[in-house]
Amino acid sequence: YGFDDGEDYPRPDRIRRHGIQLFRPLGLVGDSRWGLILTVVLYILFFAYSMTMETKAANKVSVYKRTENGQFVKNVVCSYWVAGRCNRNPCRFAHSESPPSQPKKSPHLASEDYRYGYRPNTIVRYPKYNGQKNAPVERAGSSGIIAQRAQQNVSECKGARTEVKSSEKTQQKLCKYWVTGNCVQGDNCKFLHSWFCGNGFSMLTRLEGHNKDVTGIALPPGSDKLFSGSKDKSVRVWDCNTGQCAGVVNLDGESQALITEGPWVFVGLPNVIKAWNIQSESEVTLNGPAGQVFTMVVGNDMLFAGTEDGSILVWKFSSETIYPELAASLKGHNSTVLSLVVGANRLYSGSIDRTIRMWDLDTLQCMQTLNGHTDVVTSVLCWDSFLLSGSLDNTIKVWAATESGNLKVVYEHNEESGILALCGINDAEAKPILISSCNDDIVRLHDLPSFAERGRIFAKRQVRTIQIGTGGLFFTGDGTGQLSVWKLLGEPSAGLHERSFSL
């Protein structure tokens, strides 16, 4: 009532006329004063309602709206304000030709970054200079000092920023898109773009050649050749001087174990062990295993081999032996033997049956069966006077001898996934480091005895073999067939091997 096309507010004379027509049937209007009173009341109600709706509309539709990234977008500018005739306050349209200047929000303070551990107090802000802005500005009496200090501050801030990003990214996981070469985030990616993180070690090179799991690595002392065995039914010989493959030995079956002792290199195959003497270039075949040979170790002039049927075969052997002789078969495990280690005149064996057995090297008798793991025992390792064992139950157990001579668990370290292999090495200060590979494709380095994590090595697939070299070198082989060469920093020169692998 009282609105014409194109008019925003009702006219009083129109309201009065329509109001009289509205209230006439009630018998309250005519030419009496009641018609005028009701007309005024109606006008007031309409005006109040109109102003209320205007206010709500102005509050609901602000002049500038926020977008998702916190920026402002401009609405329609009021045409009456442009003509200088707008008397509305507030007006639902913009009374400005440009949005108010807003401080630009740092991308590092976005809520998404909080989820990845970034905090405002860890961000170092510095100006970005382009083109001629890097050039020193000479002013009277300044002699370029201002420009030099500005440039120095920029460099320091960039360094500080790099350190902050590096320290935070060490806690992140490996970027799966970077591994496949498809990450488009670059330095802005929240995940790690490196095959390792931590201090005190570095990667020297990668050796490509195998196309299946690397299961054994051996570096004979005094030799310039590195040997690697794989499930691809081959043993590769690598030249340490060039880092190139110098030869390939094709096998009749998958290699699951490879070790070296003196001039001998032993390869564990299904139902047989192949042995090569790299000095005399002779080859020996050791028969006797029932099923696949998964692990081997030499100790007390004997060669021990853990087999698929749970037995441990023993050959009399020394570095001068021309032909090893089968001496015994140790029975006790009821499933496959996966790991063997010799220490303190004892042989320790880990098995799929979730037990560890301790054997006397003089009598070849089982002295104790260690029960403690709830899943497959994949690796055993002697360290000082302790025995360390890794299992698929996600634990590394530390065993120590009691007064009676039996072993018991004195410490248990929990990992994020199952343990596949354990290996030990000393750093430049003779401090022991435990290297453990896990089911999550990560190799972890821990200081002993604290088990403080020193760093991580990332692989494309599970690392099932770790081998120690000389001069701080160590090697890892993963499920893709890739063999990586690593070195602890601060170690003395390793001569030929270090010079070659650092190329």
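Note that Cβ sites are derived from N, Cα and C of the backbone, with glycine treated the same way.
Lifted from TrEMBL, the feature list:
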| type | residues | note |
| --- | --- | --- |
| TRANSMEM | 34-52 | transmembrane segment |
| ZN_FING | 72-98 | zinc finger |
| DOMAIN | 72-98 | domain 'C3H1-type' |
| ZN_FING | 169-196 | zinc finger |
| DOMAIN | 169-196 | domain 'C3H1-type' |
| REPEAT | 207-248 | repeat 'WD' |
| REPEAT | 330-369 | repeat 'WD' |
| REPEAT | 370-409 | repeat 'WD' |
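DSSP states for the domain 'C3H1-type' (169-196), grouped as helix (H, G, I), strand (E, B) and coil, give 8 helix, 3 strand, 17 coil. Here the repeat 'WD' (330-369) is broken down by DSSP into helix, strand and coil counts: 0 helix, 24 strand, 16 coil. Broken down by DSSP into helix, strand and coil, the repeat 'WD' (207-248) contains 0 helix, 22 strand, 20 coil. Same-chain residues lying 6 or more positions outside the repeat 'WD' (370-409) and placing a CB less than 8 Å from one of its CB atoms are 338-344, 348-352, 354-358, 415-424, 432, 434, 436, 439, 448, 451. Look at the repeat 'WD' (370-409): DSSP puts its residues at 0 helix, 25 strand, 15 coil. Mean pLDDT of the predicted structure over the domain 'C3H1-type' (169-196): 75.
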